[in-house]
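Feature annotations, reproduced from Swiss-Prot:
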type: BINDING; residues: 119, 182; note: 4-aminobutanoate binding site
type: COMPBIAS; residues: 31-42; note: compositional bias 'Basic and acidic residues'
type: DISULFID; residues: 191-205; note: disulfide bond
type: CARBOHYD; residues: 63; note: N-linked glycosylation site
type: CARBOHYD; residues: 163; note: N-linked glycosylation site
type: CARBOHYD; residues: 176; note: N-linked glycosylation site
type: CARBOHYD; residues: 228; note: N-linked glycosylation site
type: MOD_RES; residues: 426; note: phosphoserine
type: MOD_RES; residues: 427; note: phosphothreonine
type: MOD_RES; residues: 433; note: phosphoserine
type: MOD_RES; residues: 442; note: phosphoserine
type: REGION; residues: 27-54; note: region 'Disordered'
type: TRANSMEM; residues: 275-295; note: transmembrane segment
type: TRANSMEM; residues: 306-325; note: transmembrane segment
type: TRANSMEM; residues: 337-357; note: transmembrane segment
type: TRANSMEM; residues: 458-478; note: transmembrane segment
């Protein structure tokens, strides 16, 4: 009985298992796992299954990978301490300059400021490569991992490499191993000035650069586009207020020192000073001061205060102008063209003051009789016959009685020309009284007031003529010299 029940239990269990296995919608144990959300994302990208999704181009990724491997291969074993062609050939560095701004120029410090794009090109056999691109633009950080020329500026006082917002440097590598290295620089360079012709002077401000350590047997420099086109100045690049940029001359020099001979590249920028400012500030005031000093020649010689004021004021004015003209110049030991002009103007002004002193010294400031001395006039008065009546010490003029005062005669007091004329034309009864005797000279014998000195008459002509001749010679000399210098620069 028990065996029969166990048999039915096993048969029933087997039948149930068979029924479960054949029912639809059922899964096996390996497929019974529920699908995760991540599985859906992996299978559905943008509404498409992976087998229908578009292919992503991988050219850029391939180029980056290729050039990364190329650079790694080039820099592997590369020694940036050794120049290209060491022991075999001389390294040639080709250069050119683009000037973005020129100026300002400092006369007192004798220096100028220039902002340039400085380009250098050289060939390095170790950096040849073969890739999908012929020219490979590189980051400026790579410049520290390869050899670069040790170029420096011989006459540079201070040079600044711009670093905002990143270092302003450009590095390009050509597949044949040629490199282009460009940087933006602001250079403060010396400009030796010879101020003998100031302010009509012309200067040649040099810019010199070359290798610091390599002699001409190792590194040489040359101009990339020749001497005519290797240095270019932007049309709006002038930052000059007192100068005109006439042009530039490019050249090459060899300098010798105790360590060897070096190649030096030179560029001379020719500057011409603008004279307008100095004409207004110095030349015109000097000319007007000289003319003002010569006005005193037209004042009468008796106007001592007026002529003294003219002379002293003009001398002090010229002194002030000469001091102010030197403030904008370095303290040079020689005289400039402006110094000579101011000195001559000062001489004219001072001579006008000396001329007045001479006239005032040799001219009588009195009303004395012309051609006769006072004692002679008194003797003539004594010899005149007097009336037998009682001596009267008065004389009558136009019905008025005046006492005769001989003390005033001894002090050179006379009657002016304006008073002498009506006295001569008056009636005899109005001139003299029978009680007195009055001695009267003719109008021709009376000294004239406001008389003009012969020295003043000559000075009115000599001084203006000499000053005009000086200006003619001065300006003609320096204008012709300026034209000759400009012509020479154009030829160069």
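Counting starts with 1 at the first residue shown.
Each Cβ is built from the backbone N, Cα and C atoms, and glycine gets one as well.
Feature annotations (Swiss-Prot) mapped to structure.
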residue	record	Cβ within 10 Å
63	N-linked glycosylation site	13
119	4-aminobutanoate binding site	17
163	N-linked glycosylation site	10
176	N-linked glycosylation site	12
182	4-aminobutanoate binding site	17
191	disulfide bond	20
205	disulfide bond	24
228	N-linked glycosylation site	8
Separation of alpha carbons, residue 176 (N-linked glycosylation site) and residue 228 (N-linked glycosylation site) (Å): 27
Within-chain partners of the transmembrane segment (458-478) [C-beta distance under 8 Å, separation at least 6 from its ends]: 197, 200, 287, 290, 294, 297-298, 337, 340-341, 344, 348, 351-352, 355
Tertiary contacts of the transmembrane segment (337-357) (same chain, 6+ residues out, Cβ under 8 Å): 196-201, 278, 282-283, 286-287, 289-290, 293-294, 296-297, 307-308, 310-312, 314-315, 317-319, 321-322, 325-326, 455-456, 459, 463, 466-467, 470, 474, 478
Residue from 63, 119, 176, 182, 191 whose C-alpha is spatially nearest that of residue 163 (N-linked glycosylation site), among the recorded positions: 182
Outside the transmembrane segment (306-325), six or more residues from its ends: residues with CB under 8 Å to it: 278, 281-282, 285-286, 289-290, 292-293, 295-296, 299, 338-339, 342-343, 345-346, 349-350, 352-353, 356, 360
Conformational class of residue 182 (4-aminobutanoate binding site) under the three-state DSSP mapping: strand
Rounded Cα separation (Å) that holds between residue 176 (N-linked glycosylation site) and residue 205 (disulfide bond): 38
Spatial separation of residue 182 (4-aminobutanoate binding site) from residue 191 (disulfide bond) - C-alpha basis, Å: 25
Coarse DSSP state, helix versus strand versus coil, of residue 205 (disulfide bond): strand
Rounded to the nearest Å - Cα separation of residue 119 (4-aminobutanoate binding site) and residue 205 (disulfide bond): 21
